[in-house]
């Protein structure tokens, strides 16, 4: 903790030193040098791909290169923390996700930043749904089957996710609390063990990001039961939403990404980034590239993003209170 | 014969000028990054992923897999020459390979590693071609209980077959297991032993520890003696290639290693990782009286694990190609590359894209051949590298260590960790403790815990699963047998000379 305070003090000192110089160059010349975009996950994942798509388009729009740097660790909070502690001049930013924006904080985990105070979200980079899948040999054919069996024998159904308090775990607990059922959570650390156990029937179902099982769904090697988004997706129009399949009106759980900068960044820079990215989201190329990896683009201004964060925070806070997700 | 006609399709694809070109680029890049310690295939493939968008899928995958097995080859080069394993699999190679280099047999170690890998690669390729679909069922047989039993056997092997004193080996495994406790608890999400340092919340990175206790501590040891500072091998290089006796000794080790690696490689939950450790243990058990002793430069200790590791890295393609399940981070990136090309990995690849499937398999063989051709002449150059005075060589080693470690997570913190473990490794050596059991404990500890707890969650807390599942029961029985075999001479105080303190 001491180290944290110290590094934050150094950060603040540096910020004070540099911020004197920042307003001079202001927004009309921004950006006049290379921008660093931190992706807080290992290369190759969907967040990384999404970040790279946006970074490339931003680079073209600004005429300055936007360099993606992968800084994995602590479920995304390490990289986000690094960006939020950097000099607030608009040249260091990070892609944050549901976990690093709020879930870690709601669970009371120790973070290198305070999402409520330090986080300055300037753009919405798209959302992706999750999907409830079973193995092909499973006797559970619909989401209603899962709910029905869990009502009869609480805890008898086991589900896998990418880890404790991962979006898949949260989404399933949300479902369970709405349906009034109890299921057994089996956390995994990687896709391979999860998929092997799912396909061989060791676990009953799993809730994972659509992008990560897209190929399995297309190949027919797993059976999709329901999509966690509010609407069905065009690639699999026959797969119902959780709200439809489980008769749980109002259910919606998505994975989303935001572009975040440190607090204290000049407002003009925030606005310029917001407008540029919204502009990019309107472009067909960017939209389609994002869609290919399962992300739906959406334009939001900064006030809308703040409202969005607030709504999501309330929703997940409630899920955490009502279910048994906790850090003991 | 289906197999023949399929392979014919494959070679037609793999032997086009374009495929050969990308296979060469992949192998070359792979060898280079493998030789640079710490720079792994994952980072390289991730960097190259955007380039593959523009290539046709076959070329893209051929190049990526070339990088993957090229890196395996290159990784053993630094392990042998300067005791610097960049990957888990080359930790084992460093044990006897580096000792061989000190005895002036670096050339022999490198060529046996290359040829053993080539042989294993050929067998692995044939296995994929002939049995891929049939062998996928093995992967499904392995649930958490089976993996736990397999990992336990690995730890027991590490202890029982360690060189020096048994007690020290047990101590080092335990230290490794304890180090592995740090990080986020998977089941509850609690952070353990992070001391408020966010960088520690994912546990201690294996590569950092390996490079510290092996590579960095080696540098310290060398600098601490006058002859070490001069350069150790100036006058000691005799013939470059193995002697007939060495070849005779290596052959059976290569065969056994290939067999073990082919089987373990299929398991996506860390099987390939175990294959080189398993092979080393097996060799040591079979040839325990051979001279020089294991750990002192025995060529079987290089031949077996290197073959196992390469066979394993070949067969680890099986779960990816047939199930779309990646067995490691590189495979996950390759699946990403396939998806970008709009190819859905899974059992249907074989029928929907036969050119791609069989072409990739054929190109694996081509790539292995290329690596041998690329590496055998290089051996002379590598060995000559050792004649460079150490005072010039060691700053370069340090520099690459630091760059490599930084590139893992783009984190300066890891460089500090490297230094801490370098010093720790030096202390362990002075105390006569081997670091290989520590690394095995560090790798296997967290995995064992994960599988144990998962097995118990799925069984709802019923411990009998470990005995009612036949594979798990068999592996546990084997572990128990090994402990009994090892402890009988220990108890009667008649342990052989080789087991006792050096």
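Placement of Cβ uses the backbone N, Cα and C atoms for every residue, glycine included.
Annotated domain 'DUF112' per TrEMBL: B:20-440, in sequence order. In the predicted structure, the domain 'DUF112' (B:20-440) carries a mean pLDDT of 82.
Positions annotated as transmembrane segment by TrEMBL: B:20-49 (among others).
Residues or ranges marked as transmembrane segment by TrEMBL: B:108-135 (among others).
Residues or ranges marked as transmembrane segment in TrEMBL: B:147-167 (among others).
For B:174-197 (among others), the entry in TrEMBL reads transmembrane segment. A Cβ distance under 8 Å defines the sequence-distant neighbours of the transmembrane segment (B:174-197), meaning residues of its chain 6+ beyond its ends; these are 155, 203-204, 209, 413, 437-446, 449-450, 453, 457.
Taken from TrEMBL, the feature transmembrane segment covers B:203-223 (among others).
Residues or ranges marked as transmembrane segment by TrEMBL: B:258-280 (among others).
Annotation source TrEMBL lists transmembrane segment at B:317-335 (among others).
What TrEMBL lists as transmembrane segment is B:356-382 (among others). When Cβ-Cβ distances below 8 Å are used as the criterion, the transmembrane segment (B:356-382) is approached by residues 6-7, 9-15, 19-20, 23-24, 26-28, 31, 57-58, 61-62, 65-66, 69-70, 73, 77, 81, 106-107, 110-111, 114-115, 117-118, 121-122, 124-125, 128-129, 240, 310, 314, 317, 321, 343, 349-350 of the same chain, each at least six residues removed from its ends.
Sequence annotations record features per position, and here TrEMBL assigns transmembrane segment to B:388-408 (among others).
The transmembrane segment annotation in TrEMBL covers B:415-443 (among others).
What TrEMBL records for B:463-486 (among others) is transmembrane segment.
Taking Cβ pairs closer than 8 Å, the transmembrane segment (B:108-135) reaches residues 3, 6-7, 10, 69, 72-73, 76-77, 80-81, 93, 96-97, 100-101, 239-243, 246-247, 250, 253-254, 257-258, 261-262, 265-266, 299, 302-304, 306-315, 317-318, 321-322, 347, 350, 358, 361-362, 364-365, 368-369, 371-372, 375-376, 379, 382-383 in its own chain, all 6 or more past its ends. Contact between the transmembrane segment (B:203-223) and the transmembrane segment (B:317-335) is not supported: fewer than 3 Cβ pairs lie under 8 Å, counting only residues 6 or more apart in sequence. Beyond the transmembrane segment (B:317-335), the same-chain residues lying 6 or more positions past its ends with a Cβ under 8 Å from any Cβ of the stretch are 41-42, 45-46, 49, 61, 64-65, 68, 128, 132-133, 135-136, 139, 265-269, 271-272, 344-347, 349-350, 357, 360, 364.
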